[in-house]
Amino acid sequence: MGKKNKSKINPIEELKSDCLPILELQYSDPLFQIASHPEQAIIISGLATGYVYCHRYNVTVLENYLQQQKKKFVSDADGKKSKKVKFWTVYDIINENKDNADTGSDSGVELIWKTKRHKGSVRCIALDSDGQFVYTVGTDNVLKKADVLTGKVVKKTNLKNDNGGKYTKMVKSPTHSLLILGDENGTVIVLNSETLQETNRLTKVHNGDDAINDIFHFAKRSIYRYISLGQTTLAYWDARESNESDFKLDPEDTTSKRKVMLSDDQEDEVLCGTFVDPEVGDNLVCGMGDGILTVWKPERNDLEDQLNRIKIAKEESIDCIVPTLQDDNCIWCGCSNGNIYKADIKKGKVVEVRNHSSLDEVSFLDLDYDYRVISGGMDKVKIWQSRNEVSEEEDDEESESFSDSDSDSDSDSDSDSDSDRDRDRDSDSDGDSDGDDIGNGSDVNDSGASGSENDSSDVWEGLENGSDDEPVQEKDETSGSDMDDIDEGSDSSEGELIGLSREELIAELDEDIMEESEQEGEKLQKKRKNEPSKKNTKNLKKVKPSYNDSHGIRKFEGL
């Protein structure tokens, strides 16, 4: 057997993205949750201390600073290798009043408000579809609804949780006044987002007391349908209906319809999930505990089991996932190794990799109002460049390089233009006698120049003689086309026909026609011999028409 090629290529290096962050928010206290405003450049973060911060960022200022730092680094480096440099803005959240007081709003980051919102850590953050209100839940099981721009609490409630579990996930309906929360014991509660009153409850959704890892909307089925992920299963249910009747059914009863539809056991923890296109809802992707993405298709098997797997990172976990929302069949997923992967679900492979941190895992992913990726860990949040911004940056660099090359070549072009003017003056003085020559190409092509001059002179002499001997008006169109065809036939015929009288020319043409008609008759006889039988003609396709080589000559009665 031949030896296998063991050349190893690091796929991460090949797929490493050229996109950079435009902003990095650093936290000295552990970060537990983040949420991005759907319509403005606002990001809200919740910490383990119970504090909630609301910041506004200026994309134009941050992008300009990034470009300036990159240019400055290139000019200062002078081709020398150096350590990794952060070109983007780094903003310390906790020490902002000390370290960033002199920069103010010019830094591109502005603190809108901060407050001690909960006793204990902030567990969940959710925003309205228009970004007017923000909902937060802490380990104190207190739900608060506040205005995003002011931070003022407009309504709050104490969520009764008899089993003592803490809330792990909260989702706000994009179209209706529904607020859905899941806890560590597999319980889902549905609240009215206006009154914060409970309207429905589902218990033990995932095989007992398994925690709710993720909840997202199943809009393709119904505006009230939602999907939850817990432990090793996927479930979907109606937010208006309780599942108490499911516990009265026999566990082995597979015919009765249940309120909660549960998938097969995946034998691995299902941590996060999303639809590739939430509006279409044809492909569902889940992040697994073993570093694999599983692809589900509701129309194929009603979410009973996965249909495809995409390998992301071996011996790692996929902790968070969001769609790109760019109509490219791709999703972003955050991994425990600190990388962000862009996976093409249609191709079934990773197409781009970005590094969030070499020391921390990626716990949160979100998209800002302009579909930029936001990644978060325990100590920092990064807002990344979009692909359009990177392409515009490359175009600007190319235009600058072109302008530099043009400015460098101005002196050369001026000297060349002066020399060209001198040459033009010399050629004008020498070329006055040759100005009447048409199509003189001796300067362009030296080889064959004499032949081209002789041919052109013969053509011009022939045209002059023809115009003197016979007027152009007396020539017939058919005879003109016939002469063209005869000229294309053979060189010997051209030598014989030149200088013949009208009668001799007609006689020569008649002889050619007789010979061609005899040849056509012989071809027809051969064709009849080779004609297929009637039985075989049924199986034949259309036959191309035979080529007619009669030079287009039909009649000479009028000559």
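A Cβ is built for glycine as well, from the same backbone N, Cα and C atoms used for every other residue.
Copied over from Swiss-Prot, here are the features:
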REPEAT    162-201  repeat 'WD 4'
REPEAT    354-394  repeat 'WD 8'
REGION    386-500  region 'Disordered'
COMPBIAS  391-417  compositional bias 'Acidic residues'
COMPBIAS  418-428  compositional bias 'Basic and acidic residues'
REPEAT    428-470  repeat 'WD 9'
COMPBIAS  482-494  compositional bias 'Acidic residues'
REGION    515-559  region 'Disordered'
COMPBIAS  520-534  compositional bias 'Basic and acidic residues'
COMPBIAS  535-544  compositional bias 'Basic residues'
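Non-local neighbours of the repeat 'WD 8' (354-394) in the same chain are 16-28, 30-31, 33-41, 43, 45, 57, 59, 62-63, 66-67, 319-322, 324-326, 332-340, 342; each lies 6+ residues outside the stretch with a CB under 8 Å from one of its CB atoms. Per-residue confidence over the repeat 'WD 9' (428-470) averages out at a pLDDT of 42. Residue counts for the repeat 'WD 4' (162-201) by DSSP state, with H, G and I taken as helix and E and B as strand, are 0 helix, 21 strand, 19 coil. For the repeat 'WD 8' (354-394), the DSSP counts in helix, strand and coil order read 8 helix, 15 strand, 18 coil.
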